[in-house]
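Feature list (source: Swiss-Prot):
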type	residues	note
BINDING	Gly83, 86-87, Thr91, 93-96, 111-119, Ser123	5-phospho-alpha-D-ribose 1-diphosphate binding site
BINDING	Gly83, Asn114	anthranilate 1 binding site
BINDING	Ser95, Glu229	Mg(2+) 1 binding site
BINDING	Arg169	anthranilate 2 binding site
BINDING	Asp228, Glu229	Mg(2+) 2 binding site
Amino acid sequence: MELVRELLRKIAEFENLTAEEMYNLMKEVAEGRATDAQIGALVMGTKMKGETPEEIEGAVKLFREKVVRVPVKDPEELVDVVGTGGDKSSTFNVSTVTGFVLAGAGVKVAKHGNRSVSSKSGSADFLEALGAKVELLPEKVARLIEEVGFGFMFAPLFHPAMKRVVSPRREVGVRSIFNLIGPLTNPAGVKRYLLGVFSKEYVDKFAKALKNLGVKKAFVVHGEGGIDEVSVEGETYVTEVSEEGIRSFTFSPEELGVKRKSLSEVRVNSPEESVKVALSVLRGEEGTPRDMVLLNASFGILVSERAGDIKEAFEMAKESIDSGKALEVLEKYVELSNKI
């Protein structure tokens, strides 16, 4: 209790915590030694102060230790396509559809997500609307990844340590450090990420945290239109993280021969509408939703290092859709998720 008070005092005085201090603070929270009032203070305090890469790193380390593991054979080759959410863009489920395209291109995808908080259709809502069963035990998720190339981990089942913070977070009702660490606590131990963030200021923070956490390769992106994805509307700010280091650049759709289109063409109002758009993309229909998926899938394939450059990755993404392989992955995933 005294440790919690001391570290909350530092946050209240706008002092940054070290990774170790944040790890220790989150340990107190996760193991039930912090009160609801203290958790609420942590939520509001970190929100007002602003989270540092070291604080994100420390929190992620703790919750990674507490996660229920998915027993995959080779976690270092898996990719997660995930966003922080909170961009209020109401786009269809681009990251999940991108996951099917990656799997169709031979990349094993371990998708980590939840039901909707801020969007019209969370990844779990979308998969359920497709007919998939999402609340699966770790061994079953591992089997799906191995046999189909795509598996989904429904976050609440894999993060029992997060239960302590649910009520205080809901009562305070602001975006906080807990929203930031979720995407980085993949239960399959993923080392490769295409990670979208809701604000440009967080791109480099996440990149530094990922580097310190030892990822093999990641792209952290924030797209024009304020979205946590590679944007078809305009430029996307990208930071690449690899074992060699960190570099940032701006990407434009024109680099892959894609014309800019309005994000209004990829917005939906429900999971069912998202399913309709997703199936049109995977069945080969031309248009803005397809372009949006191809841009994101290009970066996802590049993360897997199955392509030498973005143009090769783009061609692989097109082949995954146009050959019907991506749609086949979706159909097999839905079928097997209900059988196992």
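Glycine too: its Cβ is placed from the backbone N, Cα and C atoms.
Structure coloured by features recorded in Swiss-Prot.
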| residue | record | contacts (Cβ under 8 Å, 6+ apart) |
| --- | --- | --- |
| Gly83 | 5-phospho-alpha-D-ribose 1-diphosphate binding site | Ser95, Pro183, Leu195, Gly196, Val197, Phe198, Asp228, Glu229 |
| His112 | 5-phospho-alpha-D-ribose 1-diphosphate binding site | Asp80, Val82, Phe152, Met153, Ala155, Phe158, Gly182, Pro183, Thr185, Asn186, Pro187, Ala188, Val190 |
| Asn114 | anthranilate 1 binding site | Gly122, Ser123, Ala124, Phe154, Ala155, Pro156, Gly182 |
| Arg115 | 5-phospho-alpha-D-ribose 1-diphosphate binding site | Gly122, Ala124, Asp125 |
| Arg169 | anthranilate 2 binding site | Ile39, Val43, Ser176, Phe178 |
Lowest local Cβ density (other Cβ within 10 Å) among binding-site residues: Thr91, Ser95: Ser95
Neighbour tally for Asp228 (Mg(2+) 2 binding site), based on other Cβ positions within 10 Å of its Cβ: 27
Helix, strand or coil at Glu229 (Mg(2+) 1 binding site) [DSSP, three-state]: coil
Structural state of Asn114 (anthranilate 1 binding site), classified by DSSP into three states: coil
Protein Cβ atoms within 10 Å of Glu229 (Mg(2+) 1 binding site), excluding its own: 28
